[in-house]
Amino acid sequence: MTLELTPIPCLTDNYAWLWHDTATDTVVVVDVPEAAPVLKVLTDRRWQLHHILITHHHADHIAGVEALAQATGAKVAGAAADAHRLPPLDHPVAPGDVLHLGMEAAQVIAADGHTLGHIAWYLPGAGLLFSGDSLMSWGCGRLFEGTPAQMFDTLTRLAALPPETRVCSGHEYTAANGRFALSLEPGNGRLHDRMDRVTALRLAGEPSLPVTLGEERATNPFLRADDAALRAALGLPGDAAPLAVFTAARARKDRF
């Protein structure tokens, strides 16, 4: 692999995801909650930023985009369907599009649910998924604009990617999401094992991300809608449809 990945903490619990393609010296960032922390890393490493990718319109993901673009000359890419709510786009994209960024081919995947017009960026060569606030570490984004069915479709689509894919979501929410998962299944040893690892990372000042998609499939309640143990934990009948299980889990999380 020729790609260096750096999660940059921003605001209270956000991440900007910076990557450097060492083969071509191409530098890309996904989401910019604020410009200053990203500029500091670029300056410290003497890197020139070339591209800014946006997942969705919420201010805690785009507030620093224009300042960073002006400071670096980087080109901005985001969903054409959401352009009216985004900073000016040099590259309006749609699901199914591919942007060639250095040696990487970044695929655009529809990720509606948290917001409408949300997209995810998938790098099959590097095995990286930048999911914004759709699929999150040990959770999923709250449904501000979309429906449970839309988010369920998004998660099903993302979960079909290779299990070794590393998920880079927009927030350091892993521990909080894990507490919810454990509230549903307090006897699940795999959940406790993951919480132990997350706790150790955070105590060491390290990010809990990225995480493999395989780990998410095994422990994230929102990716386990066909799991009998989760249905039982939610008090649902054994023949409950996966969408009903997901909807019940999301409603429970909203009240947690």
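The backbone N, Cα and C atoms fix where each Cβ goes, and this holds for glycine too.
Quantities reported herein were computed from a predicted structural model and do not represent experimental measurements.
Record features (Swiss-Prot):
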type	residues	note
BINDING	HIS56, HIS58, HIS114, ASP133	Zn(2+) 1 binding site
BINDING	ASP60, HIS61, ASP133, HIS171	Zn(2+) 2 binding site
The one of HIS56, HIS58, HIS61 whose CB sees the fewest other CB atoms within 10 Å, among these binding-site residues: HIS58
ASP133 (Zn(2+) 1 binding site) to HIS171 (Zn(2+) 2 binding site) - Cα separation in whole Å: 8
Non-site residues, in chain order, whose CB comes within 8 A of the mean position of the CB atoms of HIS56, HIS58, HIS114, ASP133 at Zn(2+) 1: THR55, HIS57, HIS61, THR115, HIS118, GLY132, SER134, GLY141, PHE144, GLY170
Any further residue of that chain within 8 Å (Cβ to the Cβ centroid of ASP60, HIS61, ASP133, HIS171) of the recorded Zn(2+) 2 site: ASN14, ASP31, PRO33, THR55, HIS56, HIS58, GLY132, GLY141, GLY170
Which listed residue (ASP60, ASP133) has most other Cβ within 10 Å, given these are binding-site residues: ASP133
Whole-number Å value for how far HIS114 (Zn(2+) 1 binding site) lies from ASP60 (Zn(2+) 2 binding site) (Cα to Cα): 13
Candidate with sparsest Cβ neighbourhood (10 Å radius) among HIS114, HIS171, the listed binding-site residues: HIS171
Secondary structure at HIS58 (Zn(2+) 1 binding site), reduced by DSSP to three states: coil
HIS171 (Zn(2+) 2 binding site) versus HIS56 (Zn(2+) 1 binding site) - Cα distance in angstrom: 13
Cα-to-Cα gap, HIS114 (Zn(2+) 1 binding site) vs HIS61 (Zn(2+) 2 binding site), nearest whole Å: 13
Rounded distance in angstrom between the Cα atoms of HIS58 (Zn(2+) 1 binding site) and HIS171 (Zn(2+) 2 binding site): 13
